[in-house]
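Below is one structure; the comments refer to it alone.
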Amino acid sequence: MKEFFITGTDTDAGKTHVTSLLLKLLAQHKKQAIGFKPLASGCEMAFDQLVNADALILMESATVSAKYDIINPFAFAPAIAPHIAAEQAGVTITADKLSSAYKNVKQQGADYILTEGAGGWALPISNTDYLYNWVKAEQLPVILVVGMKLGCLNHALLTAAHMQSMGINCIGWIANQVDPNMDEYQANLDSLKLRLPFPILAISPYSEQTPKLQIYKTLLENFALNT
């Protein structure tokens, strides 16, 4: 079983988009893959339970089926930071609870588990703990999605520096253009290639529609076939 954690430089960096495409790429190569969205806020009621749109996308993209509460064990209605939403709901999120939920995912029989984080890298799960501590404890290799927009240099470099300080195994990063009108897009991309200490896996240009899977040819070569 191969396991990966997909994080982003910020909220809306494109984590779900990338995780979904990775799941589809693995499916193309006959791999049994499942997505895991441990924490989600901004959920809505459906079928008598809170569900998250991003988690549903991961379920639709996966080749291994599982019940919703296995894919997204912590779901909250307010579109706010999960640890604040959890406190309001009277729910305590701990690393042990996350690991217990993750064991349920491992029992689904997948060859690959792709865990999508929430928000950016430094996401609190409580007043005293962060999601990245759980990622380190589980020894998950990380893929960083850089949302290409104004401010991405600072966000990406700070994230990378923190990962390195923790000894996190970041296997690479993906440039995802979220702002179609970004000034000096190529110059920013070149700056990130020069400065980030991890290899670039793929570039996803901005599109009103979901980019074709061919965009991820490099990602396919680096991830789906060689991991």
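Any Cβ shown, glycine's included, is placed from N, Cα and C.
These features come from Swiss-Prot:
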| type | residues | note |
| --- | --- | --- |
| ACT_SITE | Lys37 | active site |
| BINDING | 12-17, Asp54, 116-119, 176-177, 205-207 | ATP binding site |
| BINDING | Thr16, Asp54, Glu116 | Mg(2+) binding site |
| BINDING | Ser41 | substrate binding site |
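Structure with Swiss-Prot features highlighted.
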residue	record	Cβ contacts under 8 Å, 6 or more apart
Asp12	ATP binding site	Gly147, Val178
Gly14	ATP binding site	Gly8, Val145, Gly147, Ile174, Asn176, Val178, Ser204
Thr16	ATP binding site	Asp54, Ile57, Leu58, Glu116
Lys37	active site	Asn52, Asp54, Ala55, Leu58, Ile71, Asn72, Thr115, Glu116, Ala118
Ser41	substrate binding site	Asn52, Ala75, Phe76, Ala77, Pro78, Ala79, Ile80, Ala81, Pro82, Ala85, Ala118
Gly117	ATP binding site	Phe5, Ile6, Thr7, Gly8, Lys15, Leu39, Leu123, Leu131, Val135
Gly119	ATP binding site	Gly8, Asp10, Thr11, Ala81, Pro82
Gln177	ATP binding site	Met148, Lys149, Tyr185, Ile203, Ser204, Pro205, Tyr206
Extra residues within 8 Å (Cβ to Cβ centroid of Thr16, Asp54, Glu116), Mg(2+):
Ile6, Lys15, His17, Thr19, Ser20, Gly35, Lys37, Ala40, Ala55, Ile57, Leu58
What is the one among the binding-site residues Asp54, Glu116 whose Cβ has the most other Cβ atoms less than or equal to 10 Å away?
Glu116
Could you find out if DSSP has Glu116 (Mg(2+) binding site) as helix, strand or coil?
strand
